[in-house]
């Protein structure tokens, strides 16, 4: 049985009941069942970068089409097949013609909870699958990786013992950061670029590892969101996985971050006005809060 996903602008669905001996006709029937797009109007793409499949031979098998388990099929409605004829283009039409809008990098907002980093990374590496329930699984995955290599993930790297860290990261009230991004970059074998809206800087995890794929996140000081490429054609699903040679994606991500900085859409964690809820002492920034916690053991802080 093949494990296939079908991705449209409406979201991602599982395609069930198919094997490598299933025909193109059976594939189209399954796609029609989950998308509502009839077989003759389907445009199906697969791979990276996505390439259109030749669906003309309905009896060809999925094995012949090199479709394999784990593939995500990008499906669009081919509206050109709906048109019986194309009207001639007049000179007036040409004079009034405007160039189509270009694909652009946009933010896909996820909930501002303690797991926004994990939700964001899962969204981009899975090709636009939004699943808040993934956070628990990803936390456990990170804990298992860290526990399996105590020499690499020692006190100096983690800021706490290996065992303490593994218990800490499994908790739903803890935040992920650079350590977790680095681990997930290695696990998913892709470069993860984090664009900081305060400094308009890109931190590139896995940059020197020779990966061919890249995903993008944007960070405002306390919250992560995934970035995706939006296309002018509303039937074209967003792109979340890029080639590491796609410098245009990085340029547009920087422009997006700079625009957010100009609008002051960031949180300077070093200037937070905080109060210790145990002794009511006023503090400024996360460094002061961290020092106070070490000195007193107080760990409950509120923003003023």
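Each position is counted from 1, following the chain as shown.
Backbone N, Cα and C atoms are what each Cβ position is placed from, and that goes for glycine too.
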(message) Tell me which of 169-179, 180-190, 191-201, 202-212 corresponds to the region 'Variable-loop' entry in Swiss-Prot.
(response) 169-179
(request) State the residue range annotated as region 'S2 site' by Swiss-Prot; the candidates are 247-252, 253-258, 259-264, 265-270. (result) 247-252
(request) Kindly point out the range from 110-116, 117-123, 124-130, 131-137 that Swiss-Prot annotates with region 'Cys-loop'. (result) 110-116
(message) Tell me which of 164-168, 214-218, 219-223 corresponds to the region 'His-loop' entry in Swiss-Prot.
(response) 219-223
(message) Cα-Cα, whole number of Å: residue 223 (active site) versus residue 113 (active site)?
(response) 8
(message) Quick check on the domain 'OTU' (105-230): DSSP residue counts for helix, strand, coil, in that order please.
(response) 48 helix, 28 strand, 50 coil
(message) Can you give me the average pLDDT across the domain 'OTU' (105-230), rounded to a whole number?
(response) 92
(request) Ten-angstrom check, please: count other Cβ atoms within 10 Å of the Cβ of residue 223 (active site), all chains counted. (result) 19
